[in-house]
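Take a look at the structure set out below.
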Amino acid sequence: MLAARRLLGWSLPARVSVRFSGDTTAPKKTSFGSLKDEDRIFTNLYGRHDWRLKGALSRGDWYKTKEILLKGPDWILGEIKTSGLRGRGGAGFPTGLKWSFMNKPSDGRPKYLVVNADEGEPGTCKDREIIRHDPHKLVEGCLVGGRAMGARAAYIYIRGEFYNEASNLQVAIREAYEAGLIGKNACGSGYDFDVFVVRGAGAYICGEETALIESIEGKQGKPRLKPPFPADVGVFGCPTTVANVETVAVSPTICRRGGTWFAGFGRERNSGTKLFNISGHVNYPCTVEEEMSVPLKELIEKHAGGVTGGWDNLLAVIPGGSSTPLIPKSVCETVLMDFDALVQAQTGLGTAAVIVMDRSTDIVKAIARLIEFYKHESCGQCTPCREGVDWMNKVMARFVRGDAQPAEIDSLWEISKQIEGHTICALGDGAAWPVQGLIRHFRPELEERMQRFAQQHQAQQAAS
């Protein structure tokens, strides 16, 4: 009978199937988003509450931190690995694995945690909200993360333009010292840990981890060749882990609530909650914490009030900050906001800074402006980046006017491919990908613009 039913395509009801197979595991989650308030880690993103120590304590920061520290590095690393947390700065490397690289037998050199708060990517402003309105989350995260990797101090490298944020952070650090939460015998755990703030001077390239280390050491912010990696030779020649602000700030909550709790959000390999910036042509630009793998359309419509002029007025979206390729409206309809789904869509999650562009946007001019930014911020160390991005910038300026030949589109694509993957750091990639996204999805717009320019030029010549 069962064989006949199989031939007919008939399947057992779910409960009966479970009883026959003995499989009692819960069904896989298939819908994502609508994060509940009680599951939010960042509860003061908009600065409606007191950001100082008293307010932070009332919101659950520094709760049972001593117990977390006393459980030791292996336990903390275990929870972080269980959580499935991946780096929130753009690369998406598994955090537990990265932090565990520091747990080698000591050779006598001190270990350091460096927090990358040099948030200079156009469209990205999530970390500054944490530092400005929830600085104690970051300070506590430094302590917990430092304990996990056996570090003795944390250096928070903050963007030079973040004046108010640096001030708030310094106040939070002073309060933590005065309360005995950091410093000698931090939280009464017997563990000594210091936190220092280093202010940058406006160079976007210092967001790259080795350029950041060079800057802390007082040198020019130019990326280093790897290997050696920072976990072996980092700041002051000592083992160092460089981590993003959001990555560090969520670690105490993961340890308090458990890695399994955090892993319950989002798809497999894309777990947890995430801060998203939504800017551009939306009714209510915002920074919001939402579940990973939330549909992009739902994210924009629920939290940002939708696209100006309605969803049908959408032209394209840059989903992860200026260095990720844009995606057109047709892709935005169904794509999920996580690492794997966006890679499949030929883009990336990056910093999760969603830049929305409606049909009023000159898409060619918008991308050309981003290329000008990368040309300006290139440190000039690598020839493909120094020469290639400058060349792309000049070509894109002509593309904006339409003063080019269709064959130059393929030439521009080729030069972007010669830059991508051929530089010491990822700035070259960040300049190449927006161009590739434009050509991939808006080639007809480029060709039409060139055709219009040629017709106008011919008409002017005929008139003269």
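Each residue, glycine too, has its Cβ placed from N, Cα and C.
Keep in mind it's a predicted model, so treat the numbers as computed, not measured.
Long-range Cβ proximity for Gly89 (NADH binding site), meaning a same-chain Cβ under 8 A and a gap of 6 or more residues, is found for Asn116, Ala243, Asn244, Glu246, Thr247, Thr351. Per Swiss-Prot, NADH binding site is recorded for Gly87, Arg88, Gly89, Gly90, Ala91, Gly92, Phe93, Pro94, Thr95, Gly96.
Look at Swiss-Prot and you will find 199-247 tagged as FMN binding site, backed by similarity to another entry. DSSP classifies Ile213 (FMN binding site) as helix under the three-state reduction.
Residues or ranges marked as [4Fe-4S] cluster binding site in Swiss-Prot: Cys379, Cys382, Cys385, Cys425. Less than 8 angstroms from the CB of Cys379 ([4Fe-4S] cluster binding site) sit Ala203, Ile205, Ala211, Gln220, Gly221, Lys222, Pro223, Leu427, each of them six or more residues away in the same chain.
Per Swiss-Prot, the feature N6-succinyllysine maps to Lys81. When other Cβ atoms within 10 Å of the Cβ of Lys81 (N6-succinyllysine) are tallied across all protein chains shown, the result is 17.
Following the DSSP three-state reduction, the secondary structure of Lys81 (N6-succinyllysine) is helix. For Lys81 (among others), the entry in Swiss-Prot reads N6-acetyllysine, with the evidence type similarity to another entry.
Annotation comment: Swiss-Prot describes Lys104 (among others) as N6-acetyllysine, evidence class similarity to another entry. In this view, Lys104 (N6-acetyllysine) is surrounded by 12 other Cβ atoms within 10 Å of its Cβ, with every protein chain counted. The DSSP secondary structure for Lys104 (N6-acetyllysine) is coil.
The DSSP secondary structure for Arg257 (omega-N-methylarginine) is helix. Summarising the environment of Arg257 (omega-N-methylarginine), the number of other Cβ atoms within 10 Å of its Cβ, over all protein chains shown, is 16. Per Swiss-Prot, the feature omega-N-methylarginine maps to Arg257; the stated evidence is similarity to another entry.
Annotation source Swiss-Prot lists N6-acetyllysine at Lys375 (among others), citing similarity to another entry. Secondary structure at Lys375 (N6-acetyllysine), as computed by DSSP, is helix. Every protein chain shown contributes to the tally, and the Cβ of Lys375 (N6-acetyllysine) ends up with 19 other Cβ atoms within 10 Å.
Annotated transit peptide per Swiss-Prot: 1-20, in sequence order, evidence recorded as sequence analysis.
Excluding Cys379, Cys382, Cys385, Cys425, which define the [4Fe-4S] cluster site, the same chain contributes Ile205, Lys222, Pro223, Ser378, Gly380, Gln381, Arg386, Thr423, Ile424, Leu427, Gly428 within 8 Å (Cβ to the Cβ centroid), listed in sequence order. All protein chains considered, the CB of Cys385 ([4Fe-4S] cluster binding site) has 26 other CB atoms within 10 Å. Between the alpha carbons (Cα) of Thr241 (FMN binding site) and Thr95 (NADH binding site) lies a span of roughly 10 Å.
Using a 10 Å radius centred on the Cβ of Gly87 (NADH binding site) and all shown protein chains, the other Cβ atoms total 18.
According to DSSP, Cys382 ([4Fe-4S] cluster binding site) sits in a coil region rather than a helix or strand. Gly234 (FMN binding site) falls within neither a helix nor a strand when secondary structure is assigned with DSSP, and so counts as coil. Cα spacing between Pro227 (FMN binding site) and Cys382 ([4Fe-4S] cluster binding site): 17 Å, rounded to the nearest whole number.
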